[in-house]
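Annotated compositional bias 'Basic and acidic residues' per TrEMBL: 1-13, 24-40, in sequence order. Look at TrEMBL and you will find 66-138 tagged as domain 'Cation-transporting P-type ATPase N-terminal'. For 1-40, the entry in TrEMBL reads region 'Disordered'. Feature annotation from TrEMBL assigns transmembrane segment to 117-137, 149-165, 297-319, 331-353, 700-722, 768-792, 843-864, 876-900.
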Amino acid sequence: MSANENEKERGPDEIQVEPSTTVEEPKRKREYKDFGHEKEEATHAKVDMATIELTAEDLYDKEKVDLETIVIDDVFKLLQCTEEGLPSAEADRRLELFGPNKLESEEQNALLQFLSFMWNPLSWVMEAAALVAIALSNGQGMPPDWPDFVGIVLLLFVNSAIGFYEERNAGNAVKALMESLAPKAKVRRDGSWKEIESSILVPGDMVAFKIGDIVPADCRLTEAINVSIDQAALTGESLPITKKAGDQCFSGSTCKQGEAEGVVISTGANTFFGRAASLVGQDDDTTGHLQKILAQIGTFCLVTIGTFVLAEIFCLYAGFRYQYRRGLDNILVLLIGGIPIAMPTVLSVTLAVGAQQLAKYKAIVTRITAIEELAGVTILCSDKTGTLTTNKLTIDRNTVKCYGPFSAEDVILLAAYASRTENQDAIDLATVTALGDPARARAGITLLDFKPFNPVDKRTEITYREESSGKLKRVTKGMTGIIIELCTRNKTDELENRLEADVEEYASRGLRALAVAFEEVDGNDFEAEGNGFELIGLLSIFDPPRDDTKQTIDDAQALGVKVKMVTGDQLAIAKETGRRLGMGDHMYPAKVLKDGPAPGSKHVNLDHMIMDADGFAGVFPEHKYEIVKRLQGLGHLCAMTGDGANDAPALSRANVGIAVEGATDAARGAADIVLTEPGLSTIVHAIRQSRIIFQRMRNYSIYACAVTIRIVVCFAILAFAYKLDFPPFMILVVALLNDGTIMTLSVDRVLPSNTPDSWDLAEIFAYAIAYGLYLSASTIALVCAILETTFFQDKFGVRLSGDVARPNDPQLHMIIYLQVAIISQALIFVTRAHGFFFMERPSAALFIAFCLAQLISSIIAAYGDWGFSKVEGISGGWIGIVWVWNIVWFLPLDFVKFAMKATVIKYLRKRHERQLARDVAGGVPLTRTQSRAASINESLYSNRVSFLKRAARKVGFGRVSVHVKPEELQRFSSIQAQKVGQTLARNPSRT
């Protein structure tokens with residue numbers, strides 16, 4: 001009896017029981033719930049396929065071609081090919097026509113890539129300063145300011161070279177990762193089978209694959225022998241799909257059973273992976289979260305500098321009647337000293353070092369600024385199949401149901417007998433693996449006959465001789481509805497009711513049922529009928545969570561990161577997985593994303609429902625993308641993990657996309673972090689590491705903004721008060737030494753926070769203003785003490801170059817240089833510590849770099865008789881005075897920090913909390929960040945270490961949404977075939 005006949009059902013209303021009659025009505029045929037998909041019968045096209053000229057409208061006109069059910073013969077006509085394959089000449093022609101069977105990445109010009117690091121507003125100011133030094137300063141009989149020009153250009157090139165080096169390294173690492181999943185393919189060319197590079201497959205090629213092979217291109221099957229295809233990477237379903245002749249298979253899916261031949265209908269960017277890639281990189285023209293922060297910090301510095309430059313122009317030229325060249329030098333001091341030119345490079349190096357540290361945990365970072373965004377991630381959206389779970393079917397030993405005298409162990413053992421031990425499908429492998437020792441599946445028995453699973457019988461069967469007793473026995477396992485019909489020995493209404501209840505329980509928990517039956521065979525003829533099958537047990541099959549997944553989720557939640565499951569699998573399976581992982585089972589089907597919350601539900605709107613849910617099931621690529629987009633719109637930084645092509649759009653949209661081990665090319669290309677070993681524990685390491693890196697970047701940002709304030713305010717006031725003309729070249733020296741020291745912040749010793757980090761720029765600017773004004777006061781006070789008093793001369797016997805202290809004395813310039821260089825760098829020890837600076841030990845690299853820089857500064861101060869820069873070396877007495885002066889002023893800096901925390905910072909945080917409370921109460925979404933979208937100003941700070949080209953954005957058939965229901969996959973394959981047919985019709989063969 002066929003499976004279709006077995007599954008006919010009469011409804012309960014159709015069955016009438018009349019006690020008065022002896023005629024027994026036939027019993028209701030039971031239907032046991034299982035997972036599967038209905039398929040339509042194929043039909044022919046309703047027009048002449050040889051003459052049709054398809055347009056975009058024709059593709060969807062079912063009066064011409066029913067795209068969902070086009071038969072394989074019409075595919076051959078459209079593709080102008082036969083089962084004998086293509087001639088080599090025609091294949092070469094089509095390769096030129098359709099391109100290689102891979103996703104191409106655009107190569108970047110190395111020179112333009114290097115110069116791009118000089119293209120942002122911070123660099124523009126430095127470049128403008130260089131032009132001022134070489135062009136505008138050439139006047140009044142004075143030559144161009146070559147020393148300043150060379151110093152500025154050197155500073156720009158050093159910073160660009162570091163960033164360029166890091167980017168090239170990152171690009172090479174990702175290029176190595178993007179190797180094809182199926183580098184070889186078996187193809188029929190010129191009438192014979194051969195093995196070629198899969199990248200040169202073309203539509204119309206005949207390909208063959210078998211168990212264990214990866215499908216090299218999208219194809220329609222012409223022959224299929226017991227074929228089972230794992231499409232988890234496409235649909236998120238954990239169970240393999242049975243395929244027959246005429247069905248479609250997609251590039252990147254894996255053959256789990258059988259062998260097949262098929263005709264290639266689409267390659268490269270036009271495959272299903274290519275269509276998934278049409279959503280990938282929709283935000284490629286925008287910038288990252290870190291670039292927004294750089295834009296705001298850069299704007300703060302530029303506004304500060306611009307304000308004081310304008311003040312100097314009015315004061316020095318209009319007020320003091322400065323000559324043209326003298327005023328330019330003062331302006332150059334503000335431009336060179338105030339711009340944190342090294343900021344993009346320092347942050348890039350800090351992130352690059354973090355990426356190297358993550359590599360030790362087997363994680364490759366493909367977008368380096370994603371590390372910074374990971375520190376602020378508040379929600380982790382995770383795919384289930386292959387990410388939270390192993391993507392390997394397993395027998396759940398704790399839920400085995402027994403119906404006879406056999407124990408659960410006996411049921412598993414007998415089921416293993418009825419399984420293949422070689423060339424296994426997924427279910428046979430799971431059953432044999434459940435024994436612990438696969439050898440037990442054939443121990444103590446002699447195999448006489450074995451019937452493998454086939455789509456008609458839907459069961460396996462073994463006949464064997466038990467060596468201990470010599471008896472012949474038979475075991476079968478398979479679909480519940482099929483097995484129960486065979487069980488003539490113990491089939492009763494009571495048993496069927498119990499079995500039906502057990503199957504329903506399994507289905508409600510997302511577990512697939514596998515029935516096992518047993519019978520004995522009299523005599524020695526293994527082909528003889530047995531004494532009747534007896535139902536002995538029911539096994540549940542599921543895709544188990546990875547060993548470390550629960551601990552990873554617990555650790556992530558302890559770090560303040562909420563985990564949501566977003567899967568293409570069934571709702572029941574998602575809920576069961578959520579319960580096992582402790583994530584909760586408050587999950588919804590994908591249709592709520594379209595319909596919204598039900599009337600009268602506790603959810604105000606769809607956004608509220610998404611925030612409240614533990615996960616969503618049955619989602620398609622656009623659903624995952626929409627979920628991530630909405631969470632970002634609510635102000636959350638969102639991370640997404642996944643492994644399949646259906647995850648690629650959401651991986652690209654998320655602030656941090658994470659491709660797990662074994663991920664497809666589409667997923668790896670869209671991800672920012674690629675894991676190269678199983679499990680998610682690396683994500684927790686990455687979160688902790690990213691928060692360490694975030695603290696380093698925050699410390700540097702406070703420092704850089706404070707230095708901008710201290711340089712601009714200090715030298716502007718000195719110019720206004722004393723008409724002091726400080727040499728720009730010495731500011732360049734200070735900047736170079738500062739950059740060298742600050743680079744070591746990338747390995748500084750800091751502690752990560754226990755909650756997601758965020759850039760509170762108001763706090764950063766408040767600290768920077770306080771520190772900058774305090775340091776400015778230290779310099780101004782020293783200059784006043786030297787110019788307005790004779791204290792140092794009287795007490796320590798030191799002298800300047802002139803008899804009377806003058807504001808523009810070359811030795812006074814050197815004293816100011818040394819004082820600014822020492823205390824400015826020492827500030828980093830205050831900004832990096834939460835308490836007193838001496839309570840948090842810095843890294844050895846930072847401390848040594850600081851000491852070395854101060855030694856160099858002191859040597860320059862002692863021996864730097866550079867006439868071109870208007871400075872002269874000073875005595876050891878002055879050097880000692882500057883050091884003591886700086887120590888005296890440095891020690892209270894911690895108290896400045898504590899005072900800020902107790903007043904301004906406390907006020908800012910309370911104001912932020914009040915605003916947040918008002919927003920939540922009023923239903924106003926948070927706006928901390930929305931995605932990688934940015935203004936033109938922010939995009940100018942784009943760090944090109946971050947972005948590598950994803951897949952081609954415009955591929956396939958315009959902007960058609962990707963759906964991955966089986967019927968939609970079939971529809972898509974038909975569209976592919978006809979698209980190729982159109983191209984071939986426009987480009988006929990010349991032979």
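Every residue gets a Cβ built from N, Cα and C, even glycine.
Just so it is clear, the model here is predicted, and its values are computed rather than measured.
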Check: Given pairs 6 or more apart, does the transmembrane segment (768-792) have at least three Cβ pairs under 8 Å with the transmembrane segment (117-137)?
Finding: no
Next item on the list: Tell me the residue counts in helix, strand and coil for the domain 'Cation-transporting P-type ATPase N-terminal' (66-138), as DSSP assigns them.
Entry: 44 helix, 2 strand, 27 coil
Check: Out of 149-165, 297-319, 331-353, 700-722, which stretch touches the transmembrane segment (117-137) the most, going by CB pairs under 8 Å?
Finding: 331-353
Next item on the list: Using a Cβ distance cut-off of under 8 Å, indicate which of 297-319, 331-353, 843-864, 876-900 has the most pairs with the transmembrane segment (700-722).
Entry: 331-353
Check: For the transmembrane segment (331-353), which stretch among 149-165, 297-319, 876-900 has the most Cβ pairs under 8 A?
Finding: 297-319
Notebook entry, point to check: Which bits of the chain, at least 6 residues beyond where the transmembrane segment (149-165) starts or stops, bring a Cβ under 8 A of a Cβ in it?
Noted result: 113-115, 117-118, 123, 126-127, 129-130, 133-134, 336, 341-342, 344-345, 348-349, 729, 732-733, 735-736, 739, 943-945
Margin query: Averaging the per-residue pLDDT over the domain 'Cation-transporting P-type ATPase N-terminal' (66-138), what integer do you get?
Written below: 77
